[in-house]
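Peer 1: Provided herewith is a single structure, encoded as structure tokens, for subsequent inquiry.
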């Protein structure tokens, strides 16, 4: 009994420590590293050796620059996923963090734009070059922290809001930040961020020791094709870190609190989830990722920041990545980011070129203009046929497929009848068991309730959870436990 | 197990947001353009071939590629499309040759659909591609100064170069001359110049407008407005500075907010200053129509209180349709297509050929300047050894590039200063809006 109660904080760790679990633990990092290294090798050594038509084909369909863009978008999407996917707080102004991150890079690693001075800190930029030049990795951390603070500032007034209202306020903040930077050439007489022209010539990513070891590695990864190939590794590492943090944080106390808030804020607060802290943490963590992405974008992708780069359209695109990919599912979101970033950056254009070469439509120029129609159509189709996203989170999937009790009530069935029906509907699907066990994972109190009433079943229940229910999908939970849980739910 | 319909809310929100941006991208496009100007109304996309070679000319010499780098989507699309077509037409006319080299043409797009305007990531990507494309020796572009500021350093760092870029539309002074802190040095990390342009910069336009206001309009007190964007701030600043030198009193300087529904209060405050002239430093896309309406409503017509604008207000049919725009003075850096055609010679022939082929004249005034940029590039290639470094050196060493008046598509001699890359031809045209048309008033000398 006591062990059962204490278990939740250790979710997923206990059983994985030894035996096959240890292998499973490294499965995704290993796979991910292989993918990134393969991508790197493809452009670094395989592509030059291929016959021209093949190499050109790859280079035009999937240029290195686009891969880097995709990776950068993936960081943003993973960040937004924490806010929207995990905590369920709809954020339409995510571009604000992106902008602040980018401008932090502009302030700390670029040529001067307001007055001239020299600050150099562990950077690849030659010593006599004017301006502030601080190492990329320091800037990333500074930008992350700044953005996290901004996230909390933005988050604080929105704590009482939900749904549409929350979306409106965040949308407002997104616009405010862009306007701030647009007018930043004269804030109390001070040129804070270069105004409409922004800050240009931001340093590349210094390679430091790698350049010393291997001279073929550029000293700084600026914007050129050699550097772009190496950037796959750097951005890949950043995305990897974001994925890792996303996955781990989800399993922890905080992550489970977010999921609880997402599914039912009122219930979560009743169960003792500290709403204010959990929501602000979601904003802070999401914003931290946004800051990282902003620096990666400014330093690695564009080499400049200006307010026009942070328009509302980008917030929407990131949100689409999260929704299309599968809200809450890290892999889905990453895939969504790759897909949409590719379509927006290079894909549609290239499809146009291909269509032209087949039919001579001149589609290269007009097809990308229908970007929004195509994306909109994609979204509508998605919502019709696969609401939960490309790679859905198991939890969301289960929830979406469960008949909604309130709907049943609204068509006239009384509560017990509705329940009997839903139970019958759920009996042979494994998904509902997942919900039940996941719900127990989220709030230990919920898990405790039925077992306290029903002493006899406590033993097997505990065993089941220790074995299989560690992760939220918990396919092993038995229907009996689930039913008990449902009763507990109703009596509440 | 009650489900909060978060998925539904998010999806609906996303869809709504999508619709919003979809609508917005149409008219917000060139709001960020710092070179602005004349994308006249909505002409159709035109499915013309914008890429691909113009076919190999003669067999002699090796083949080099020149490219354009323009926003092919969004509000500048039709103008960019015309520019590409006109350049291809011109290349055909000269037999796709420059000196001993065969020329191929390639078009790059520096805009994204999501934005409907130039995009910094697209610019950076294009810059990488220019450098990576081994046969490419020079770039004609970009349309927007902001985009050039991203691309020029990248082309400058090219180890086989630096690679030449010649712009037909970047009017921001900072790219070539001392302007803001660190400019222009920060765009040339190797210390060598590789960027030239065939248009006059914003500061000359402001100067010309001030000279015109002082000598021709004889105004005493001007109120200077700007749209708070790079381009608008630049022309407004140069107008204010030059006007003061000309003895015009500056009654005040203020930004107008493009998102404001009306400007009555703004013009009331201007009225209180007793200004007899208003300068609109900015582009028409930033709610210029409302601005002009309110100016006339509060300060009276443009005969009593004069109104002047830069080329950011030229080439808009919507503006010309406004009865309040009657009597508005506009300046344009360079000469308008109409003037050039009227003057006859090379430009007239090219425009005629274009009209014959596509059934309409090219959109806006920049396509001809695009060809002028190509002329500079071709002259540089002819003088060079066919390498990137050679082409850049041809422009930035010795006498530089000089295209005589008899050959130039701008009807004037094009001479590129080998030190700065700026053109020595500083034409500024003053136009008067009257009877719903931009009419040529005078060619203003620029000091």
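Backbone N, Cα and C atoms are what each Cβ position is placed from, and that goes for glycine too.
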Peer 1: Would you mind telling me which of A:182-208, A:317-343, A:398-424 TrEMBL tags as transmembrane segment?
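Peer 2: TrEMBL lists transmembrane segment for residues A:317-343.
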Peer 1: Which stretch, out of A:134-156, A:157-179, is listed as transmembrane segment by TrEMBL?
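Peer 2: Per TrEMBL, the stretch marked transmembrane segment is A:134-156.
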Peer 1: Might you confirm whether the transmembrane segment (A:280-305) is in contact with the transmembrane segment (A:92-114), defined here as three or more C-beta pairs under 8 A between residues 6 or more apart in sequence?
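Peer 2: By the criterion, they touch.
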Peer 1: Using a Cβ cut-off under 8 Å, which residues of the same chain at least 6 positions beyond either end of the transmembrane segment (A:26-46) come close to it?
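Peer 2: Apart from its flanks, the transmembrane segment (A:26-46) reaches 58, 64, 67, 228-230, 232-233, 236-237, 240, 243-244, 247.
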Peer 1: Which stretch, A:134-156, A:232-249, A:280-305, A:317-343, tops the Cβ pairs under 8 Å count with the transmembrane segment (A:366-385)?
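Peer 2: Per the Cβ count, the answer is A:317-343.
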